[in-house]
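Asks: One structure, as structure tokens, below. Some questions next.
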């Protein structure tokens, strides 16, 4: 028994002991861990770690080349919140140009420290707040960082090879920041348009801006080696632009910043992200293992990827401004405002979203009866229109009877002839009376005037309007007056088909009225002529 060991209390204090236990394991005491196969969780974790950065295999797959030394231009749209770029510059030794327009970069330090040979860098609309880390690009000659939130230009003083600098639409508001660019001896082209420094030399209220402030002349003094300023020769220091125009231009620059494809830094993690690459349109809520890598790589001379630019950056939102807050002040009755907004939304609806008539719809077929040419009033207009056009007489405006039921559809609505088309198709009547020609036959020498119907239509208040009957009577009187001018004109105007159609139209058929109708009047041609009908006016001397 070990003297330094007490079974009840464990090892005693102030005593040391060594216990050796013999193992019954016959194999190695420290065996190597065994793998469960290619689809194990460990392998998936390893693949995920490889996808976290731009590995050589990943770059080769994107560039579609086996030798990465052939890649001279790399264009990517990245989001460094999802994954690190790693030290990818080590695998691209001949990379000269790097395009990251529309990406989301927290800092330039995310690019790594292996791009010392890079000469051209595009960083437009990347959400950059500063240029910290740009000192790791000593060979940089051209920097395009427009539409960001850069206000500090001090890191640029370390770029001795810099020749072109584009800072359009940023937040430079102090001429003291422009002074740092004096340390760039080769700087020849500078763009500061869209910055607050164009309106005032220092931050502060606009009412304290020195009178006659000309920022072009001030920048020219600070950077004497400058040749081009805002795409205009730096030697041209003309009068400054009106303040109002410059402020409007600044508003346009801010709108361009907000139109970036990627959300700003303060975007919530659960919100979906719209990327410029169609392969990257997955929401952030998905797992990282199922997300594709947000890169698109181009070799010089290769085609641009499809869908590089977003088509719909700001879709229209029909929700109320009160939902998102920061809306206009609501004054007056809120119910009235909601009704007006509903009308505006309905007015903006495209025609394809409105309900359309379907031929097979049972509801529409039951509510709209089939038209019948025999008992429809439009048959009058279609039957007599040819006779009106042949003789060049302009008819009276055609009116449909008003429907008594609210919301009812006229049975002959689709076949209605517009008055404008009738007037355009008909030749104009001459102002002078037409010449009266002799009748070709004996029967046509007699001027026929229709007699009133023997069985007048019964008065029915629920079937038609009194205005319709008055209209027919006025047409009949007009035909009789025109017919009294002479046999020649009467033969054309008061033709038998037209008068017969007027006589039939003066009463409605049983199907139109919903009740048994009167018997039709005998034909005018079969009826023996009366004495009044055989008389015709005296001929007009020619």
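Each residue, glycine too, has its Cβ placed from N, Cα and C.
Because the structure is a prediction, the values reported are computed rather than measured.
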Asks: Which range is it, out of 255-290, 507-542, that shows up in Swiss-Prot as region 'Disordered'?
Replies: 507-542
Asks: Could you give the residue numbers and ranges of same-chain residues that sit at least 6 residues beyond the repeat 'LRR 4' (161-182) on either side and whose C-beta is under 8 angstroms from one of its C-beta atoms?
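Replies: Beyond its ends, the repeat 'LRR 4' (161-182) has Cβ neighbours at 138-154, 188-197, 200-203, 215, 218-219, 222-223, 253-254, 256-257.
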Asks: Per-residue pLDDT averaged over the repeat 'LRR 4' (161-182) comes to what?
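Replies: When the pLDDT values over the repeat 'LRR 4' (161-182) are averaged, the result is 94.
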